[in-house]
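In TrEMBL this protein carries:
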- A:39-57: transmembrane segment (TRANSMEM)
- A:77-99: transmembrane segment (TRANSMEM)
- A:111-131: transmembrane segment (TRANSMEM)
- A:137-157: transmembrane segment (TRANSMEM)
- A:208-226: transmembrane segment (TRANSMEM)
- A:238-255: transmembrane segment (TRANSMEM)
- A:267-289: transmembrane segment (TRANSMEM)
- A:301-322: transmembrane segment (TRANSMEM)
Amino acid sequence: MFEVFTRFADWLAFDVLSLAPATKTGDAVHFFIEDVSKIYVLLVVMIYVIALLRASLNVERVRNYLAGKNRAAGYVLGSGFGAITPFCSCSSIPVFLGFTSAGIPVGITMSFLLTSPLINEVAVLLLMSLLGWKFTVLYIIVGMTVGILGGAFLDAIKAERWLQSFAQKALAAGQNTQLPDQQEVEKLSMAERHRFAKDETLEIFGRVWKWVIIGVGLGAALHGFVPDGWIEQYLGDGQWWTVPAAVVLGIPLYSNATGVIPVMESLIQNGLPIGTTLAFCMSTVAASFPEFILLKQVMQWRLLATVFVMLLLSFTLVGWLFNGFSSFL
Amino acid sequence: MKQVKVLGSGCTKCQKTAELIERIAADQGVEVSVTKETDARVFLQYGVMSTPAVVIDEQLKHSGSIPHTDQVKAWLV
């Protein structure tokens, strides 16, 4: 299915630019053209299709659905909805408050909010096209597991103690009142769905296109110029410290998942272990300082720090686990 | 004069929303005062769950995205 991009790259790199195949430069340019064209087409088509399908799903509907669910189901559903509901990360606070004031436990709300950035359409599409469906499925399962267990853990330690006082009051008030009658769900016409999908596609593509170029460019450079075996020797799975290092390195790279995933493709092909890659990917996508600082409005420092440390530890564990398992696979 | 509040945590989308409303109001010759609200308590007060949201004369008009030009025009009439 993706062969057309290989042929396009053959034509552009070897015929039009008349580079010689099987040279370092020819190889790197070919890799660059193939990946950039593939990612662009995939992003535009798939973001549009996904947005079309989920245009009528919004956080208000998710809240009404989650309110009053029992805990165990709540974590799983919260995480599941977090994966598929479209919402801008800058809406984290209003979403948190909206859920909380409907009496939804903090843990379930956090299952939603933790999973949401981890499993987003851009990251999933890139993983799928560059690292294949097996890695992608693994990534989604692990991402949801982190969200579900993270939420359950926060409830277990009674995280609501460490909310800001007005958020605590909203939660208490929400638990004692019934939600107002569920609003009529508005039916979206096809034209409205198209408008939503077009806006989403333009917005997301406009934000990420340059990171694709940067990421694939770096990946191509690595691909062509890092000596074979170097990564395996120095960053292979015998080196336990590479996983926490990858997690820490991922934090400042936030929001550039688009740029980081093509680099990872190249690293994996050069022998970086799967667990290290997975940990790096999750940390890049989900652990963001700016966003955590925003949550300060609703959480006390203690809770913020707990959530952040919890995320970093779980990504590290995921990395070690998969590095350990990969030798058995 | 219409009192317009743009609710949001200060991301670019909220900036753009505020600018859009000011521009269209100027085009239509409507007097508006646009303020940006970033306080979480205000979100709670209007029951807003996705930002940017637009409140005009204390009425919630829109939430979750940058509004379209024709929507803004209709609100300002």
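Including glycine, each Cβ sits where the backbone N, Cα and C put it.
Listed stretches A:39-57, A:77-99, A:111-131, A:238-255, A:301-322 were compared with the transmembrane segment (A:208-226); the greatest number of C-beta pairs under 8 angstroms is found for A:39-57. Of the candidate ranges A:39-57, A:77-99, A:111-131, A:137-157, A:111-131 has the most C-beta pairs within less than 8 angstroms of the transmembrane segment (A:267-289). A Cβ distance under 8 Å defines the sequence-distant neighbours of the transmembrane segment (A:111-131), meaning residues of its chain 6+ beyond its ends; these are 2, 35, 38-39, 42-43, 46-47, 50, 62, 66, 74-76, 78-83, 85, 87, 89, 92, 95-96, 99, 139-140, 143-144, 146-148, 150-152, 204, 208, 257-258, 261-262, 264-265, 268, 281-282, 285-286, 288, 291, 307, 311.
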